[in-house]
Structure formats: C-alpha cells, structure tokens
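Novice: One structure coming up, written as structure tokens, with questions to follow.
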C-alpha cells in the first residue's frame, strides 16, 4: 500500500522525536536512531520537515522492488559522515557511563558501542555499510588509547571513515510484519537503555558522579579550541538551564534534584577543581612552572614506585597511580573559564 504524505506529516508532528513517521515508512534504522537520540536532539526532527516528501517517494519506490536501488556506490554525504562521528561519540559516552565497570571495557565494550553507533547512522535510508570492516577498525583503534576516555573520538572517526569507504546500497528484502519489526526495535532499544537505566536506578550517586567525570573529560578535549569548548559546555548544560527557567528555584528537598544540581555545578567547575587536586597530589602550589611539575613528578614516582615499596605494595600502587593521573592533568593546557 502506498505511503501517504499527510499521514507522514501527522506522525512526524505527533511522534517525530520517537521516530513514528520513519516506522510508518519502513525506515527502521532511522526510527531506532530517533528513539535513542530523541530525534537527533530535536534538531534532526525539525530539519526533516523539508525532507519528508523525498522520504515518502523513496518508500513508495522501494515497495515491490526486488533489485538494489542502484548500481555502484552511493554518493558521499558530509552530513551522514558528521552524523556517524557524533552518534559514535554519543554511544561511546553512554557506554562509559553504564559499562565502564567491565574488565575489558576499552578492548571490547567501548569499540563495540562506538562501532554500532556509526553503523546505525550508516544504515539510515537506502544505504548501509560493511559490518565486519567497520567494527574491525573500531576494535583495532581502541587499544591505542587504552584507559583514556578520549579513545571515543579517534575510534568514532576511524570507524566513520571505514563505514564511508565501504558504503553501498541496501539489497531489497521481502516485507516483514509490523510485530516482527517492533520486536526487533524493542530489543535494540532495551540493549541500549537497559545498562544505563540499571546504573541510574541502582547506584544513582555513583552514576551521577561518573556522568560528571565523563562530561568533564569530554569538555577537556576542546582545550585547544576555547570557543568550541564553551559552545559544547552550553549545549550540555542546556537541559539544566531550561529546567531552572521553567521551575525557578523552588527549593526542592528531593535528593535526586540535589544530585543533578551538584552534577552540573561540578561540570562547570570541573577543570579548576581537577587541577587544584593535581597540584595537591604533586605537593605544588597553584601556578607552578612546567619544570617544577616535571621535577616533582619524577621525584614522587621514584619514591612511590611499587618496585621500591614491596612492604606496602597496595599503598604504593595507589599513590603511584594518583601521581601519574595528576601529572597527566597538569600536562594539559588550562582551559579558559567561560562567562
């Protein structure tokens, strides 16, 4: 049965951020992407207003088609490539928050999450990409940045480049029942939100603390681009500011509201607090020179190296890791404070 443009616009208006119009048009990958990102943060949903006629035409052409929609390779799309990188980073951040307790997180869970995010965008519409090559590059790139949240960025970039290199048109398949499609989408949605919901409900305080740590690390990637960093910080704090604009400051005593306020306050002051703690660990005063930082680091590493403290191995290991982390923080250029 041919798809109607008016029905598509109605579904877009009623349940657009949840992907109802894409589900109606048979664009299940696009529907899942919108379900997991709430319509691309709302911006993608609004931008689609002008694209719906082409989506409907594409869905009607695909009905009853038994051949691939075209030979050769689909044209390169900068928008799709940028979306692959962004969604890959988004999936990686969610994995950091909900799955970082895993022993092999940086070698298994992180590249898998980022790669699946890239592949989801690659499968939007009538295109797709090579599953094995894209995930393979993600798994090969992640160990290079083992143990660092910044691994999300190069893994997503490498996987997106690979997905674009192996892009192709989808082969036509027999139509499936709506119940089967909903079942598959439901499983994918639960696989994404389940671990995050478990962490948030069963260990709320620890989860919020780790969200702050993850967001702070994410913001620190933009140290060399202050304007971009302030823009990203504004975007991340936008939900909190909208909430404060709507409800004012009613003085909620609910611990959850207090935790969220602490979270955003922590993100805003993350850089300064982290550097102050790093100075304390290295026994330096704020504003120490690079030479002083390096000299103190070398001296403390010699003192607390586990091989030199066999009688107190656990304490030495703890101090040794703290010293290394503090040196890493102070080795980065200080981010200018935004307005």
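Yeah, the Cβs are placed from backbone N, Cα and C, and that goes for glycine too.
Straight out of TrEMBL:
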TRANSMEM  6-25  transmembrane segment
TRANSMEM  32-50  transmembrane segment
TRANSMEM  81-99  transmembrane segment
TRANSMEM  106-124  transmembrane segment
TRANSMEM  144-161  transmembrane segment
TRANSMEM  182-201  transmembrane segment
TRANSMEM  221-240  transmembrane segment
DOMAIN    277-339  domain 'J'
Novice: Provide the three-state DSSP residue tally for the domain 'J' (277-339): helix first, then strand, then coil.
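Specialist: Across the domain 'J' (277-339), DSSP assigns the residues as follows: 45 helix, 0 strand, 18 coil.
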Novice: Can you tell me which of 81-99, 106-124, 144-161, 182-201 gets the most C-beta pairs within less than 8 Å of the transmembrane segment (32-50)?
Specialist: 182-201
Novice: Which residues, given as numbers and ranges, are at least 6 beyond the ends of the transmembrane segment (182-201) yet have a Cβ under 8 Å from it?
Specialist: 23, 28, 31-32, 35-36, 91, 94, 97-99, 207
Novice: Counting only residues 6 or more past its boundaries, what in the same chain has a CB within less than 8 Å of a CB in the transmembrane segment (144-161)?
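Specialist: Same-chain contacts beyond the ends: 81, 84-85, 88-89, 92-93, 96, 106-107, 110-111, 114-115, 117-119, 134-135, 137-138, 214, 217-218, 221.
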Novice: Just to confirm my parser: what is the rounded mean pLDDT across the domain 'J' (277-339)?
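Specialist: PLDDT averaged over the stretch: 80.
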